[in-house]
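**Q** Take a look at what Swiss-Prot says about it:
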| type | residues | note |
| --- | --- | --- |
| BINDING | 21, 139, 140, 179, 180, 181, 182, 190, 220, 221, 222 | dUMP binding site |
| BINDING | 51, 182, 276 | (6R)-5,10-methylene-5,6,7,8-tetrahydrofolate binding site |
| ACT_SITE | 159 | active site, nucleophile |
C-alpha cells in the first residue's frame, strides 16, 4: 500500500489549504489516481488496523438496496450513524441508486398530443451482470450513485459516485471515480470495499481479478487529522493480506459476511480520528 502512503505525502507537500462544508478545513489536491494490482494481494491498509466488519457489512448493505441503518446496527457497524435521521433512514443513497435508480417508462395512452409516462426503476447491478454475460467486451459496464434529482433528499450525497468495469484478457478490472476523498478515514475503507466488490463480481461471472483503479476528484486531509497522518506515515507498510471466498456463490446477492476470509492481515494499531460531518 505504498501508493496510499505516497498520496498522503503528496497532499502534505502540495495540498492547498481550503475551507469546506463541515467547517473543519482541509489540505486538498484535485485529481489523483492510484492503481492496485489485486494479484499482489488484497489492498487493505496495514499501517493502521481497519474494521473489516464495517467494510464487509456496508458493501452487503449497499448491494441489498437498503438505505436504513438498522441492518448495520444489528451487525455492529456504526459508520453511518451521524447521518441517519431518528428512524435510521438516509434517503435515496447508494443502495437505492444501485438497485432502484429512478426512470420514466412510456405508458399506454396520451394526454392530448403528449405521451404518458409512469415511474419505474433500474436495477443497475442486475443489468450490469446481465451485460457482462451478454457483452463482456462492452465499455458501458457502469454503475452510478450520482442522481442530481435525488441529491437534495440524500443524507449525504455519494462521495464514491461512479464505477466502471472493463474485462481485458480474461481479467476483470474496476475503476472508481470518487468526487470527494477523505484520505485518512474514508479512503482506506473505499479501497478495500471496491476491491472486495471486484472480487465478488469476478467470482460470480467466472473472471480473474485484475486491477482496482482509484480516481479521486478532491483528495483531502482534514486539518484535525494531520497528526494522525504523520503518525501513520512514520510506519512502514507490510505485506498485503489475501482474500479468500469460502464457498462457491453464484449470485452477487447471495454473499454473506461469513463467506469472506482475510488471511495474513497483521496491521499496526488503530489510529483514531474525528469524523467531519
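Glycine residues also receive a Cβ, built from the backbone N, Cα and C atoms like all the rest.
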**Q** Looking at the recorded positions 140, 159, 182, 222, whose Cα is closest in space to that of residue 51 ((6R)-5,10-methylene-5,6,7,8-tetrahydrofolate binding site)?
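**A** So, spelling it out, the nearest of the recorded positions is 182.
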**Q** Which number gives the other C-beta atoms within 10 angstroms of the C-beta of residue 51 ((6R)-5,10-methylene-5,6,7,8-tetrahydrofolate binding site), all protein chains shown included?
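**A** Around residue 51 ((6R)-5,10-methylene-5,6,7,8-tetrahydrofolate binding site), other Cβ atoms within 10 Å: 15.
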**Q** With every protein chain in view, how many other Cβ atoms are within 10 Å of the Cβ of residue 276 ((6R)-5,10-methylene-5,6,7,8-tetrahydrofolate binding site)?
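**A** By my count, 20.
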**Q** Enter the number of other CB atoms within 10 angstroms of the CB of residue 222 (dUMP binding site).
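**A** Excluding its own Cβ, residue 222 (dUMP binding site) sees 23 Cβ atoms within 10 Å.
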**Q** In DSSP terms, helix, strand or coil for residue 180 (dUMP binding site)?
**A** strand
**Q** Which residues does residue 21 (dUMP binding site) neighbour through Cβ under 8 Å, counting only same-chain ones at least six apart?
**A** none
**Q** What number of additional C-beta atoms lies within 10 angstroms of the C-beta atom of residue 140 (dUMP binding site)?
**A** 9
**Q** Would you mind pulling the longest C-alpha to C-alpha span across 51, 182, 276, which the record has binding (6R)-5,10-methylene-5,6,7,8-tetrahydrofolate, in angstrom?
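**A** In whole numbers, the farthest two Cα atoms are 18 Å apart.
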**Q** In sequence order, what residues of the same chain, 6+ apart, have a Cβ less than 8 Å from the Cβ of residue 182 (dUMP binding site)?
**A** 159, 220, 222, 276
